[in-house]
Amino acid sequence: MCGIVGYVGSRPALNIVIDGLRRLEYRGYDSAGVAIIDSGVIQTEKKAGKLANLEKALAERAADGIGTGTTGIGHTRWATHGGPTDRNAHPHLSADGRIAVIHNGIIENFARLRAELEAAGIEFQSDTDTECAAHLIAAEMRALRESGAQDGPALLAEGMRRVANRLEGAFTLLATDVNVPNAVVAARRNSPLVVGRGNGENFLASDVSAFIEHTREAVELGQDQIVLITPEGIEITGFDGSPAVGKEYHVDWDMSAAEKGGYDWFMLKEIAEQPQAIADTLLGRLSERGEIILDEVRLTDQDLRDVDKVFIVACGTAYHAGMVAKYAIEHWVRIPCEVELASEFRYRDPILDRSTLVIAISQSGETMDTLMALRHAKEQKARVLAICNTNGSTIPRESDAVLYTHGGPEIAVASTKAFLTQLVACYLIGLHLAQVRGVMYSDEVAAVVEKLQATPDSLRTLLSRMDDVRALGRDLRTASTVLFIGRHVGFPVALEGALKLKELAYMHAEGFAAGELKHGSISLIDDGTPVVCVVPSPAGRGVMRDKVVSNIQEVRARGARTIVIAEEGDEDVRQFADHLIQVPHTPTLLAPLMTTVPLQILACEIAAARGNDVDQPRNLAKSVTVE
Ligand code: F6R
């Protein structure tokens with residue numbers, strides 16, 4: 001939620017900040033704004049709506065524009081406190097006009113702080129929690145100056161440190177001071193922030209895509225840290241003022257991975273990238289001894305042998321990946337596995353101890369609900385293993401072990417390649433557990449891995465024949481409701497298909513366990529209601545497949561228009577399908593790697609046909625860093 005960029009160097013900051021915001025816009029697009037320090041003045045411009053509105057406003061400014069200052073900050077917002085208006089757009093300035101602040105997160109004690117500032121005579125210009133921080137930093141710096149401190153980067157950092165210690169909640173704050181050109185300071189607590197190390201210039205951003213064009217050298221920060229960037233260096237301290245060291249790393253993807261590459265939408269590009277993303281996630285995972293290799297493991301094999309129960313916590317699409325994982329883990333590992341919505345996990349007071357393994361799945365690694373579930377699990381002494389797509393993000397850092405999905409950057413708000421790679425990671429973890437615990441032999445594990453390794457090619461074939469699905473999507477654009485049914489691993493696929501349609505096409509859609517429909521929801525079916533039916537492979541579980549076919553007949557008998565996703569060779573199902581989408585054969589547990597893909601394309605096509613912004617659906621943001 002909210003994208004943040006900061007730059008100091010020798011080049012004009014504006015273009016660098018705007019380009020960075022463009023790549024972070026997926027994090028929120030309720031408003032955008034910049035502040036540039038130029039010749040002793042803070043120049044700001046901010047506008048409600050997408051970044052394009054800000055760019056237009058900048059273009060319409062007088063000839064001198066916003067100046068050529070080489071220090072700047074920029075923000076793209078997903079509104080929390082205060083509606084999405086020009087007035088509430090960031091940056092926010094301190095009353096004396098010296099300090100400009102941008103913020104991602106929520107300052108929970110803002111009402112108290114605002115009351116205190118108002119009592120001191122400050123007139124607020126916005127309804128945001130962020131504005132408090134600008135006034136507070138200015139006040140702290142003023143007090144320090146009055147007691148003899150000199151203006152400069154160190155004073156700005158100290159002002160920020162003092163304020164960070166007063167704030168409750170989750171925040172990344174960036175601040176600049178008009179009298180301190182060539183410095184941007186940031187504070188981080190429970191909200192993403194990464195530093196880009198350049199040559200004579202440095203960057204701050206919510207994620208590396210904002211500065212990848214300029215540098216691939218990044219520095220990971222810890223929680224409760226202050227970072228001061230100047231053209232010459234990067235200085236990190238804790239909220240207590242003690243010096244700290246960030247973890248340096250090299251980003252192994254480049255700009256082209258963050259561009260659309262000729263596709264109309266990032267989502268289409270990311271759907272097309274799925275075969276490669278799966279292959280990359282599988283790459284190098286099998287050791288010479290046939291064992292699965294995790295990325296960072298702070299757990300011993302004995303720890304994994306001691307596990308007597310698995311909980312998977314995740315949100316949205318990642319939760320659906322967890323639902324699929326439950327079938328695989330229970331089948332292969334033979335231990336109970338529960339899947340929980342991360343936002344509900346800690347309130348339910350789950351029974352956790354040292355022998356519980358909690359698997360936290362998150363593309364961004366910053367989802368607050370998942371992070372809080374993870375922390376709750378750790379407090380209860382459970383071991384936590386993260387599945388994540390974002391190096392250096394909070395969730396993997398706070399976990400005992402990590403398996404990274406090598407999906408590359410996912411820019412479209414709707415998750416596609418992250419989902420498939422999360423599935424792959426879940427399969428690998430299931431196999432790893434089964435092997436370590438001696439329930440599967442290495443050759444059995446290798447046999448499944450071999451099937452997994454075949455999926456990228458099958459998926460390429462599937463993707464090459466999606467024209468009918470696209471045509472169907474255009475045809476369904478006026479439907480008022482679309483239902484999805486599936487059994488076993490087809491059930492989470494049905495849920496995922498419905499989620500994609502809701503979030504992109506803004507249509508009513510619901511996913512059901514196929515057998516559950518007759519217990520009430522079948523009454524939704526009217527003449528012509530589209531029902532997408534995910535049919536299991538007849539080769540895997542014939543009985544299950546036959547049951548789904550019966551469910552298809554039930555809905556058809558009530559007037560449904562059936563869109564059937566079935567395996568190639570299952571010709572018998574054709575007679576029950578108004579539209580048949582055939583997918584290549586895969587073993588039953590791995591089938592979601594195929595069956596989900598037509599549903600992604602269907603949702604994308606329907607949304608585009610309805611004139612929606614596929615990459616940035618309304619009301620959403622890519623990385624949900626509030627609870
Ligand atoms: C839907 C979607 C979301 C995310 C969810 C979790 O297309 O993208 O439902 O899956 O917000 O996000 P991560 O995986 O970043 O924790």
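Cβ atoms here come from the backbone N, Cα and C positions, even for glycine.
Remember, TrEMBL labels are computer predictions, not curated facts.
Keep in mind the model is a prediction, meaning the values are calculated, not measured.
As recorded in TrEMBL:
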ACT_SITE  CYS2  active site, nucleophile
ACT_SITE  LYS622  active site, for Fru-6P isomerization activity
DOMAIN    2-232  domain 'Glutamine amidotransferase type-2'
DOMAIN    300-439  domain 'SIS'
DOMAIN    472-617  domain 'SIS'
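Separation of the C-alpha atoms of LYS622 (active site, for Fru-6P isomerization activity) and CYS2 (active site, nucleophile): 9 Å, rounded to the nearest whole number. All protein chains shown were included, and the count of other CB atoms within 10 Å of the CB of the residue listed as 'active site, nucleophile' stands at 28.
LYS622 (active site, for Fru-6P isomerization activity) carries neither a helix nor a strand DSSP state and counts as coil. The Cβ of LYS622 (active site, for Fru-6P isomerization activity) has 25 neighbouring Cβ atoms from other residues within 10 Å, across all protein chains displayed. Taken together, the residues in the domain 'SIS' (472-617) have a mean pLDDT of 96 on the 0 to 100 scale.
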